[in-house]
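What TrEMBL says about this protein:
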type: ACT_SITE; residues: Asp47; note: active site, nucleophile
type: BINDING; residues: Tyr105; note: substrate binding site
type: DOMAIN; residues: 4-98; note: domain 'Pseudouridine synthase I TruA alpha/beta'
type: DOMAIN; residues: 140-236; note: domain 'Pseudouridine synthase I TruA alpha/beta'
Amino acid sequence: MKISYDGTGFFGMQRQKNKPTIQQSLEYALKQLFGADININYAGRTDTGVHALGHVVDFFADKPLDLSVVKRALNALLPSQIRVTGVFLASDDFHSRYSCIFRDYVYIINTAEVCMPFLKNYVWHVPKLNISRLDEVKGLFVGYKDFAPFSKASMGKNTNRLIQYVRIKQKSFFVMIFIRANAFLRGMVRLMVGTMVSYSRGLITKDQIMQIFERSGSSHLLKAPACGLYFKRAIY
């Protein structure tokens, strides 16, 4: 099932006790629809305030229903910040997380002198951002690397990830940073973007970024706010 959501007001994807999350909302709606407790799997865990354009979740239900009925019913039951954009039958061995080959994120920055107030929950406002300097440093993140310094990962966890590309596009006062990887660590994209912006502002050098990868430099990195981050697509 493909979903889109506005992460504002939610404490991320994963279910948490006494806090509104995307998983909690989906599972509650599914229980109302199918009359039984249903647990979902998801392609990636998004943090508090992060949005999604094309996230993928899967679940198993005994009760047969027409797919179009499921889509309409869930959209009627879910809060308006969450929309089901597609419902599909999957093979028994499909898993949203473990079957996923690549995940795409996009980070949106607004570079206008004044950011319109209705955009505040959906972009990072960075006036007069130097785009050419972002281009200079994006290649440092591409490839198979240990991204432990760019994450909240626990000790002992495998922190190697393959970044297939980092692409930057500008349209008017909006800069979009597209990142594709086989998987992401928690907080990884936001720390990557924050580091790139720090470089564009002249606050950090390329050598210092390389030292961070080598764990010989400061790990006190600028973290981009959650509001500008979107889970764009899961590729299978």
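Just so it is clear, glycine is given a Cβ too, placed from its N, Cα and C backbone atoms.
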Given a separation of at least six residues and a C-beta threshold under 8 Å, show me what packs close to the residue listed as 'active site, nucleophile' in the same chain.
Gly12, Arg186, Gly187, Arg190, Ala226
For Tyr105 (substrate binding site), list the number of other Cβ atoms lying within 10 Å of its Cβ atom.
25
For the domain 'Pseudouridine synthase I TruA alpha/beta' (140-236), what's the model's average pLDDT?
92
Is the residue listed as 'active site, nucleophile' helix, strand or coil when read with DSSP?
coil
Helix, strand or coil for Tyr105 (substrate binding site)? Use DSSP.
strand
